[in-house]
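Here is the structure we will look at, set down as structure tokens.
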Amino acid sequence: MPFMALFVEELGVKGDLVKLYAGLAVSISALASALFAPVWGRLADRYGRKPMMIRASLVMTFTMGGLAFVTDVYGLLFLRLLNGMFAGYVPNANTLIASQAPKNESGSALGTLATGVIAGSLIGPLMGGMLAEFLGIRNVFLLVGTLLLLVMLLTTFFIQEDFRPVPKKDILSTKELFAQIKDRQILLGLFVTSMIIQISAQSVAPILALYIRYLGQRDNLMLIAGLIVSAMGFSSIISSSRFGKLGDKIGNHRMLLAGLFYCGIIYLILAQSKTPLQLGIWRFLLVLVLEPSCQVLMLY
């Protein structure tokens, strides 16, 4: 949501509190999602992925569409909290495809889903910024809620799942899962590293529109913010496979260290941006290596 800070302003928040509440509105959803993901995962093992997908899309229909009717920042935070608690459509879709598609077609099926997710990351911010500019932010939330309702209906009537419950005795507890990890030090290191990468990647996102305004842009803030976020998605697409092949050649550890060093330099340059165009270019170049660095972590 590249225009979250502007919506917080629209709700009457002033001064530096705008940045605080915009950050909270984004992070509270992610935190709730992380805390509740294991709960939904266990339920998915018992009742299937399709019910979890219906549950996620149905609740998000109201949590996203309901943002159009909030009157203060506390209502915004409450709906964002609920949104994170009940999210999880895409992870369940991944698991459903992996379990239902024929083995010789599972790669193609997962690739199709990934293409849809990537296309959404490209088109979504740009369309959202454009529509918010011309129709207003609240109407964008109504549109998103309507689309999520459509997703729920399509999932209910057109997705089939041949589900076989995992026996309760075979479902490991969190403690049992961690007990199977041989080298916990590596896990801790990867956790800290990936957290730092994500913090650096997401820290500016909630206040991107405000920063663009700080750089002197007064008109079309939401459109420009959406364009920058979409450009970052495009950067991720063109770099992922290429840098993945480079990592195979020089080693993933070297690739990770070089990527983190590169990102540090880009951030120092990024802080010197004088115009929205410069900001967009440097953010594009940042994600060019930042996203592959995140992927490298998954290979350890």
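Heads up, the Cβ atoms here are built off N, Cα and C, so glycines get one too.
What TrEMBL says about a protein is an automatic prediction, not a curated fact.
According to TrEMBL, the protein carries these features:
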DOMAIN    1-300  domain 'Major facilitator superfamily (MFS) profile'
TRANSMEM  20-40  transmembrane segment
TRANSMEM  52-71  transmembrane segment
TRANSMEM  109-128  transmembrane segment
TRANSMEM  140-159  transmembrane segment
TRANSMEM  186-209  transmembrane segment
TRANSMEM  221-243  transmembrane segment
TRANSMEM  255-273  transmembrane segment
TRANSMEM  279-299  transmembrane segment
Message = Let me spell it out: take the transmembrane segment (221-243), skip the flanking residues so only those 6+ beyond its ends count, and list any with a Cβ under 8 Å from a Cβ in it.
response = 2-3, 6, 118, 121-130, 132-133, 137, 205, 208-209, 212-213, 255, 259, 276, 279-280, 283-289, 291-292, 295
Query = Are there residues at least 6 beyond the ends of the transmembrane segment (52-71) whose Cβ is under 8 Å from a Cβ of it, and what are they?
reply = 7, 11, 40, 43-44, 79-80, 82-83, 86-89, 92-93, 96, 138-139, 141-142, 144-146, 148-149, 151-152, 155-156, 159
Ask   = For the transmembrane segment (20-40) against the transmembrane segment (255-273), do we get 3 or more Cβ-Cβ pairs below 8 Å once near-sequence pairs (under 6 apart) are dropped?
value = no
